[in-house]
Amino acid sequence: MNLSLQLLSGLAVGCIYSLVAVGFSMVYRAMGLVNFAQGDLMMVGAFVGYSIIISAPALPFWLVVPFAAALTASLGYVIAQSALWPAIQRGASQTYLVLLTLGIGIVLSNGARLIWGANPRVYPIPLTHETIRVGQYPVPAVYPLIGLTMVVLIVGLHLLFTRTWLGLALRAAADDAQTASIMGVNRRFASAASFALASGIGAAAGVLYAPITFVSADMGMLGIKAFAAAVLGSLGSIPGSVIGGLVIGIGETLGGQLVSSEYQDSLAFLLMIGILLVKPTGLMGKRG
Amino acid sequence: MRSPEVILTLREVTRRFGGLVAVNKLSMDVKEASIHGLIGPNGAGKSTAFDLISGLTTVSTGEICFRGEAITHMAPEARVASGVCRTFQTPKLFDEMTVLDVVATGRHLHNSVGLWGSMFSIGRKRREEAKTVSAAREFLEIVGLLAKEDAPVADLSYGDRRLVEIARALATEPSLLLLDEVTSGLNPVETATVGDLLRNQVRQGLTIVLVEHDMKFVMGLCERITVMNYGSVIADGSPDQIATDPNVIAAYLGSPKDGQRSRRALRSEQLV
Amino acid sequence: MLRTAKESLSQQNDFASATSQNRNDWIVFAVIVSILWSVPLSLGGFYLYLGLAVAIYAISALGLQTMVGLAGQLSLGHAAFMGIGAYTSVLLQKTLGLPFLVTLAAAGLTAAAAGLLMAQLIRLSGVYFKIATFGFGIVVHQILSNWTALTGGSAGVRGIPVISIIGFQVETRTGLFVCEALTLTLIYGLLVRLSHGKIGRAFRAIGQNEAAARSVGIPVPRYRMIVITLGCAIAGIAGAYLPHLMRFLSPESFTWYESLTCLIMITVGGLGSLPGAIIGAAVLIVAPEYLRDFAQYKMLAFGVLLVASMILLPKGIAGAGAALSRRKRIHAR
Amino acid sequence: MVLARIGIFATLLLSFASSAMAKDFPVGFFGPLSGPAAAYGSESLAGAQLALEEINAGYLGSDKIKLIPADDTASPGVAAQAVQRMIDIDDVVAVVGGSTSAGTAAAIEVTKEAKVPQLSPLAVDSALTLANNPWFARIAQSSTTWAERTAEWLKKDKGAKSVYLLVRNDNFGIPLADAFEKKAKEIGLELKGKIAYEPTSREFRPTLATVASAKPDYIVLWGYYTEAGLMAKQMAEMQIKFPFYVGSAIGIDQYREIAGPSAEGTYGLLYYLAGSIETDAGKKFVQKWNERYHRTPTQYEGMGYDAMYVLADAMKRAAAKGGISKQTIRDEIFNTKAFQGATGPITILSNGDAQRPLPMAELVDGKVKLDTLLK
């Protein structure tokens, strides 16, 4: 089988990892916490997308993405406001925060299992099984949409953070609490808004990933690989997360043939640990 | 030549963070049993200098000598063992402990019980522990907080937290104490108490380096003052010399042209 | 320094009050240990079986509590070390026919060695170390599942040998329980001792503020390695008992979900509290038995319990109990 | 008159006595009722419950079975604890259960120790009956049988010369693959290659590319339906076309949903296929299920139903021979010969394995169609 085709699918999966990894990084920067529930928010987003498709079959797929993202973002906002902020305000330790987000992840995945059932769900839309031709290669029809969404979201985030008051405020709140308070930014709001934004991006990734595979309550485990991507590219850096995601996506697809598939999961983590030992702040990390 | 009573020497110590030079060729000598001030505007590199001396940050180039021995690459805990101890700009305590426990952590190196002893020894552990506790009490008494020994440190006022941190540092029985902005957040009465306490300790042989913003406090207490700006030393001398140094005045209050007015401002700050 | 007689008298009283916390810990120890010994043995039957499971997970949770709750070194792969202990012990018993006391020690030592290996990763800064412990757990699980020649692979190990201690064959549930309860009592007691005094204070200092701990001369990297190794060794000892409870050994008993369960145990019981770890283990093992009709909600309930206990009772069940008794004491005054 | 009176009195007395002697026999059921493997447990439980209704309506005379279900979440520790509780507290006379191999493997050690007969509807791992455990039997064939029948069918019925094996790397996939490999060698079916993949994998393109370059006659998968679905889907996307054998996944709706149109033409061996059993028992079951749930029963529902009946049948025979006890139930389970079950005639062999027809099926027009019933 040819290399370019594999590269394409690696790229597509890599985009999904990237989007989830961007969510990790945003939350880490804004709230200083590693959100172990990020993968589960992606899963919830994918299920929300499923429900939207079922209840409004006429809605075009590209509109499902923003709707699901908005709904999941609201869920993220509520989680941040109700569960995370009190802990952050109290100055809780990293250990505590990690455990808290793990707990939220358990609630989300098992809650989803009760709502949507234990069996995997497949988006009942033609897109799930359609292919298109790129050059001489057949590829799933959702790939271009993934690439496009990825570009739109990254450009959008860049504009948000550099051009808009909200984005500047969020950045200020993340980097320098004093400046932020001078700007009149409420840190609580800024944290929750960043978390909501990250949840929305995760949901978009989930909805776009669903047609490639299926949606199930244990889909959040994919988030752990996305976390490795974020770490690989340097946690907290959005370009780093994008690159980390693509590296893991392509590496997994190409590496699958080269190395033993029995130890695939181990290799991802050994790679991450190895890179961190050589370069403790990740590929895109600055020293110190 | 180093004079015999110099306890701490920094030779062209430099620390870079990426492209930024936080401390640039910092050299200074601190005399034994004196109070040495390290001042400068915000971001001058004073706290980084403390991190370098205490070992929490590694030196890029240069050398740090303590009692004539190079400690440049020594682990922070080893520096404490040899007699260098510090406090932090905002007090770093152990928030779930009581006041007595926090100060007792300062006795860590003076307690000979190890991991196994802690689990298996009966008599020695009890004796060592009693020594630790009574020593911790002595240092609490020095800062006047003995009455609050059972209080959780989380419940203390900001000023008391400072005092607990000082007691904890003193409990390590250092010969050199680095105090980072020890008066910030204290009221005038507390500041005066701390001043007396420090003078008293110096009289008993302790050497102190102060990073400080309160000019009155610094000028009144220090024998010698080093002034930093943008990572480099811009002046070094007695309080009087510093107060009249045009570079210092410029650094604190803008351009050298305004020298006269600035000097007055510096003086008036002293009078506050 | 001069002291008046009155002052020195008050100091002695103070010394008594400072050690009162230690005394309370031993009172709680006595209560927990007596419940632990009396309830399963007197109820017998299935309660004894539950007691066996609780004791194993309580030992493991004590190890995790020492690492996470006391010294703040979060491990997301704790079950892997139980697995290392379980396989070490059973394989040594089966292949070399070594007595259980030897294999139990070997289980602790092997898990300690693996823990020491993982502890080398503390070079990675905080967040990265946490995710590395997760990776470590995954790697161990995959090795247990795939190294078929040694571990029997995913099919598991059957025919678990009977425990024999200096000639005595431990064949009954009661006998096994006595072994486990002795181990638990011993480890709990040693950890209470450890948590008092210098070393315990140093661990707590590291957990609460690492920079400050270094500033008073605590050798932080060495202590972090020590506590990680210790916690993992205890997990290995707990793991050595697990195959004797289940009479079967499979890598599936040491997955990420099991690690997560251990974390929920110490959090629900109260982060940093040794009795809390035991209470947490008991709650997580016994409660589902009474809620069997709601089995499908079990993990959801655990998740909710975790989040709720972190938000509402940051110090867990043990912390709430302690706060309650403190309030009572104050009222009594 | 008097005689008649005595007769009536005697009948009354007898019926009173027998109703006083009528017993509720507690029987445990365990399987994954929650979590990712929940379908296996909950569907076989549903089948067992329908059987239970019929059994309690007089199959055992006045005796009844009280079913005590428990969730093992597919974890060995939870399974062992759940079964231990049934035995210690509920005092069950038998345990029906074991849907996943890990859960069953842990549970049989408990039932063996307590000397309680256990009958599994679904567990296939051949190691389970290799241990010579006299208290464990199953109505599902062992993985060895599944694999060997498949190899023979490929070689003889389909004329396949070479295959490529894809294996889920756990104790479901590995024993099946090993047995298949052995049989293939024996009958001269060439093995072009074998790849074991992690149960968490979702991206099979690299694997499939390797497989395709080997050009086998058939691709044989020993894995779960989710992976089967994704492989079929990704093969279609890569425009690779090989005859694909997916095992019991073929009977699962979600497999067809995930694979989409590419599921068409895949083969699989089922535990049971509704409509494939032409006996009275087979037809009656499908009809009853249709009346109740307005759909045909799944393979797991059929297996749960039959497991319950095999147990009840053994209890009936035990009662006829003098009394129901754990020991007699065990003996009679192992005496089961050509029991006419809904999933076909069932015989329990002396090692606890079962003999039963296995339907080989193909997906045609989105429907599972019987290819051959392997006896």
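The backbone N, Cα and C atoms fix where each Cβ goes, and this holds for glycine too.
TrEMBL annotations:
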TRANSMEM  A:6-28  transmembrane segment
TRANSMEM  A:40-59  transmembrane segment
TRANSMEM  A:65-84  transmembrane segment
TRANSMEM  A:96-116  transmembrane segment
TRANSMEM  A:141-161  transmembrane segment
TRANSMEM  A:189-212  transmembrane segment
TRANSMEM  A:224-247  transmembrane segment
TRANSMEM  A:267-285  transmembrane segment
Most Cβ pairs under 8 Å to the transmembrane segment (A:224-247), of A:6-28, A:40-59, A:96-116, goes to A:6-28
Contact set of the transmembrane segment (A:96-116) with the rest of its chain, CB cutoff 8 A exclusive, min separation 6+ beyond the ends, reads 33-37, 39-41, 43-44, 47, 50-51, 79, 83-84, 87-88, 215, 217-218, 220
Should the transmembrane segment (A:6-28) and the transmembrane segment (A:65-84) be scored as in contact, given a threshold of at least 3 Cβ pairs under 8 Å and pairs 6 or more apart?
-> no
For the transmembrane segment (A:40-59), sequence-distant contacts whose Cβ falls under 8 Å of one of its Cβ atoms, 6 or more beyond its ends | 20, 23, 65, 67-69, 71-72, 75-76, 104-105, 108-109, 112, 115-116, 121, 123-125, 198-200, 202-207, 209-210, 215-220, 222-223
Spatial neighbours of the transmembrane segment (A:65-84) far in sequence, C-beta under 8 Å, 6+ residues away | 31, 33, 37, 41, 44-46, 48-49, 52, 59, 97, 100-101, 104, 149, 188, 191-193, 195-204, 206-208
